[in-house]
Amino acid sequence: MDRIRIRGGRPLSGEIAIGGAKNAALPLMAAGLLTDERLVLTNVPQLADIATMTQLLAQHGIAVDRATPDGRSLSIGGAITSTEAPYDIVRKMRASVLVLGPLVARAGEARVSLPGGCAIGTRPVDLHLKGLEQMGAEIRLDGGYVHAAAPRGLHGATFVFPFVSVGATENLLMAASLAEGRTVLVNAAREPEITDLVDCLTAMGARIEGRGTDRLTIDGVRSLHGATHAIIPDRIETGSYACAAAITGGSLHLRHARADHLGAVIRILGEAGVEVIAQDGGLTVRRLNGLHGVDVMTEPYPGFPTDMQAQFVALMCVSDGAAMVTESIFENRFMHVPELVRMGARINVHGASAIVRGVPALSGAPVMATDLRASLSLVLAGLAARGETVINRVYHLDRGYESVEQKLGACGADIERLRD
Ligand SMILES: CC(=O)N[C@H]1[C@@H](OP(=O)(O)OP(=O)(O)OC[C@H]2O[C@@H](n3ccc(=O)[nH]c3=O)[C@H](O)[C@@H]2O)O[C@H](CO)[C@@H](O)[C@@H]1O
Ligand SMILES: C=C(OP(=O)(O)O)C(=O)O
């Protein structure tokens, strides 16, 4: 298993190119199941999760071909030959469940392994299933699999989400695009990745109203056609590297980054003493003086993203005050805390809140990554720490950050991957 070694204490300076958003790319790839024609996606990041979704689509008979030699454009298409999403693939990546809605809508049935819990929480998929049931699917759970059947097709329905779910909104949006009649999704997620999916589905011929709002109205069509769609830049990769500039007291230009997707993050960073300016087709991030403690609570978009919580906790570890960081989306997303404490951080977790008291400096240590964003929080801590940090289990990092050591290394970080 690869590890990452960082020798900390160097302010970063330079430019980092932000890639396409993982969490937009995965549902967009699943949307390839909705048409016979080719769906071409551009600005695709090169990540382990993209390879896993490619493997899953291949299992369904859908080819994912490189449309450009660098693999950043993918052409997706083919006939569905299997409606089974096996445990061995789904267990690697929860977003595999996003094939459920498209498969039922298109093929009239699906057998998809239940994803199960993970390091950040139990993460049930009950809303995905309830929504599909309301649209006429018969759902049965057996042997760890969801069997969904709608032999006569799905029909439109009004589904009121009791709380916001990104994945369930995406699954139902895709299913509704091919259902008969009108579907209304009330209290739908509004994340930029949802809007990206709406834009792509619309380009494929779907009829969707309410783009960017929490009420999406979908009038089903008989078939969708091919399209070419450019994936939005990754707002979480952007926010993560913004924290890297801030924690090292450096300055980075994040090329392609979009301020309009990062309102809450930019505001909170500003309160913490970090300047973020939109310029030259990206964002320039610079720490002004010291870092200040700021309280923050994660919320559905447009609130502060849970996928930025671990990185923000790392930043607050070296602030000149205290910060209360409250996690309201996942019940167990503080696995990075004990690792940060091993590096000298002062953090106490009380229920859903972490109280972080800033220390003058962190010290390098061997640590273990437990999930994707926790991994990046340890990279951040390592960049700021005195001495050497070795991060184990970096396969978590590789799910969602492309070439992290090259990107940071080019900006002055002393970072290398140790291959075993
Ligand atoms: C691939 C992808 O895009 N992943 C993102 C997506 O995950 P994902 O789509 O899994 O997250 P959801 O928005 O669905 O989850 C929000 C909360 O709802 C709960 N829930 C969800 C569905 C359901 O049927 N029942 C239920 O109880 C979850 O356990 C969680 O506590 O949104 C999360 C919240 O912004 C992000 O952290 C993930 O990075
Ligand atoms: C939690 C994440 O991903 P997933 O939903 O695929 O686990 C994430 O991107 O931070």
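Cβ coordinates come from backbone N, Cα and C, glycine included.
Residues annotated as domain 'Enolpyruvate transferase' in TrEMBL: 7-408. What TrEMBL lists as phosphoenolpyruvate binding site is Lys22, Asn23. The annotation UDP-N-acetyl-alpha-D-glucosamine binding site is assigned in TrEMBL to Arg94, Arg123, Pro124, Val125, Asp126, Leu127, Asp307, Ile329. What TrEMBL records for Cys118 is 2-(S-cysteinyl)pyruvic acid O-phosphothioketal. Per TrEMBL, active site, proton donor is recorded for Cys118.
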Report, in whole Å, the straight Cα-to-Cα distance of the residue listed as '2-(S-cysteinyl)pyruvic acid O-phosphothioketal' from Val125 (UDP-N-acetyl-alpha-D-glucosamine binding site).
13
Whole-number Å value of the largest CA-CA distance among Arg94, Arg123, Pro124, Val125, Asp126, Leu127, Asp307, Ile329, listed as UDP-N-acetyl-alpha-D-glucosamine-binding:
22
Report the recorded positions (Lys22, Cys118, Val125, Asp126, Ile329) that meet this criterion: Cβ distance to the nearest atom of ligand 1 under 6 Å. Use sequence order and write none if nothing qualifies.
Val125, Asp126, Ile329
So which of the binding-site residues Arg94, Arg123, Pro124, Asp126, Asp307, Ile329 sit close to ligand 2, that is, with a CB under 6 Å from an atom of it?
Arg94, Asp307
If you count other Cβ atoms within 10 Å of each one's Cβ, which of the binding-site residues Lys22, Arg94, Arg123 has the most?
Lys22
Using Cα positions only, nearest of the binding-site residues to the residue listed as '2-(S-cysteinyl)pyruvic acid O-phosphothioketal' (Lys22, Asn23, Leu127, Asp307):
Asp307
Near Val125 (UDP-N-acetyl-alpha-D-glucosamine binding site), how many other Cβ atoms are within 10 Å of its Cβ?
19
Do me a favour and check the Cα-Cα span between Arg123 (UDP-N-acetyl-alpha-D-glucosamine binding site) and Asn23 (phosphoenolpyruvate binding site); whole Å is fine.
16
Per DSSP, Asp126 (UDP-N-acetyl-alpha-D-glucosamine binding site) is which: helix, strand or coil?
helix
Measuring Cα to Cα, tell me the gap between Asn23 (phosphoenolpyruvate binding site) and Leu127 (UDP-N-acetyl-alpha-D-glucosamine binding site) in whole angstrom.
19
Looking only at C-alpha atoms, tell me how far Asp126 (UDP-N-acetyl-alpha-D-glucosamine binding site) is from Lys22 (phosphoenolpyruvate binding site), rounded to the nearest Å.
23
Check the DSSP secondary structure of Ile329 (UDP-N-acetyl-alpha-D-glucosamine binding site), expressed as helix, strand or coil.
coil
